[in-house]
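K.L.:
I'd like to ask you about the structure that follows.
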Amino acid sequence: HIRQLYALVSETLRYSPVLEKLLAGAALLQAEKKLPPQLAKVLVYDLLFGKGLKCGGRWKLVARRHRARLEAELARLKVQQKVSRNEDLLAPAQAASPGAPQVPRYVRVNTLKTCVDDVIDFFKRQGYSYLGQAASMEDLRALSGKKFLLDLHLPELLVFPPQTDFHDNLLYTSGHIILQDKASCLPAFLLSPAAGSHIIDACAAPGNKTSHLAAILKNKGQIFAFDVDTKRLATMNTMLMRAGVTGFQLAQQDFLTVDPADPKYSKVTYILLDPSCSGSGMVNRVPREEAAPSAERLQALAGFQRKILSHALSFPALQRLVYSTCSVQREENEDVVHAVLQERGSAFRLVNAFPSWPCRGLAAFPGAESCLRASPADTLTHGFFVAVLERLGEVAAAPSSLPAAAEENRQQGEGAAPKKRKRKKQREN
């Protein structure tokens with residue numbers, strides 16, 4: 001499963017400094033010269049910190065052969081650092097770089113299955129302390145222990161201290177909550193489709209944004225989701241079913257091969273486009289520096305991104321499109337949007353989306369400040385970029401700078417009391 005594999009790799013990277021000490025102390029790489037260092041870390045993490053080895057073959061035998069020595073080295077490390085829990089070993093590694101921003105754990109409430117009030121009550125019964133809606137970014141930075149907040153920007157997003165783990169929590173396993181970074185929630189939130197709309201999610205897997213779109217639609221509408229990988233689509237289908245999403249069609253197809261003139265898509269008025277990118281905005285989720293993408297790779301990616309954005313804008317009924325990447329590179333972001341607007345500027349315009357968002361696009365062209373950026377330092381999220389495009393002309397909707405949901409939430413943040421939601425019955429066992 002992609003989600004499980006992703007969680008394993010993420011946790012391995014989080015424990016990387018500890019794993020390096022264990023490998024060195026147990027001399028595992030010296031004893032097993034053919035074992036790649038990164039694979040060794042994954043094996044040791046799964047053996048000592050995870051849920052047990054899932055692999056088979058000779059690598060499993062290698063890990064088991066050195067198990068006693070690794071466990072002894074782990075015990076010695078705990079004694080040396082005067083800790084009793086595995087998690088406490090992380091503290092020294094984090095303290096080594098106090099200036100590095102820590103991204104909170106964001107939890108999106110899946111309103112297809114529950115409501116914010118019920119989820120807050122659930123966490124309170126689990127011993128968490130609810131501090132209300134955040135008033136500033138400083139409130140998010142100050143989170144610690146078992147305290148949590150309602151986000152100051154997004155109305156259905158709860159915020160917990162960094163590295164809070166909910167993968168085994170009942171609400172997560174039942175699909176009542178989605179573990180999704182705040183920046184990753186922006187595309188669907190800013191697309192803000194009306195209930196009953198037909199939407200294309202052009203590069204959909206693993207499906208978090210798709211489920212977010214369905215929640216905004218209240219399952220009243222049609223979502224066409226595309227991805228070229230069969231296994232990713234199968235995993236996505238399972239996730240969407242667990243989240244209670246209906247009214248969606250998954251297609252194993254390259255979005256560039258989809259015919260905009262096909263009558264099937266004649267009512268598509270919204271498109272969410274989150275294409276393949278360098279992923280350079282994601283490096284801050286791991287405790288080590290990653291090499292910047294090469295100029296050749298950026299050029300190739302940007303060429304693909306311009307092509308797929310231009311293709312998306314060719315759908316005849318399209319009214320609003322959100323283009324997003326998890327990249328911080330100008331070549332994949334502002335430059336792509338600028339190039340495509342120059343081609344289609346007579347038909348589409350860049351919307352000044354979410355004016356209260358603190359981090360704007362780079363000054364690459366006039367109006368680029370209408371785009372949004374996100375970063376660990378400025379917005380306590382992963383690095384991200386979002387641009388909102390709307391069709392010009394008589395058929396276009398009235399110009400807007402903020403989705404209705406965002407406007408309502410902004411007003412609440414300025415003093416209006418949040419609306420009470422009808423409480424839904426929720427099983428807890």
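Every residue, even glycine, has its Cβ placed from backbone N, Cα and C.
Keep in mind that what you see is a predicted model, and the values were worked out from it rather than measured.
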K.L.:
Scan 60-87, 144-171 against TrEMBL and say which stretch is down as coiled coil.
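P.N.:
That would be 60-87, the stretch labelled coiled coil in TrEMBL.
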K.L.:
Within the same chain, where does the coiled coil (60-87) have neighbours whose Cβ lies under 8 angstroms from its own Cβ atoms, ignoring anything closer than 6 residues to its ends? I mean 6 or more beyond.
P.N.:
18, 21-22, 25-26, 28, 31-32, 35, 43-44, 46-49, 53
K.L.:
For Gly207 (S-adenosyl-L-methionine binding site), just count the other CB atoms lying within 10 A of its CB, please.
P.N.:
28
K.L.:
List the same-chain residues at least 6 positions away in sequence whose Cβ sits under 8 Å from the Cβ of Lys209 (S-adenosyl-L-methionine binding site), in sequence order, or say none.
P.N.:
Ser184, Pro187, Ala188, Asp201, Leu272, Asp274
K.L.:
Say we define neighbours as other CB atoms within 10 Å of the CB. Which of the binding-site residues Cys203, Ala205 has the fewest?
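P.N.:
Looking at the binding-site residues Cys203, Ala205, the Cβ with the fewest others within 10 Å is that of Cys203.
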K.L.:
Tally every other Cβ atom lying within 10 Å of the Cβ atom of Asp254 (S-adenosyl-L-methionine binding site).
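P.N.:
The answer is 13 other Cβ atoms.
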K.L.:
Listed S-adenosyl-L-methionine-binding residues Cys203, Ala204, Ala205, Pro206, Gly207, Asn208, Lys209, Asp227, Asp254, Asp274 - what's their greatest C-alpha to C-alpha distance in Å?
P.N.:
19
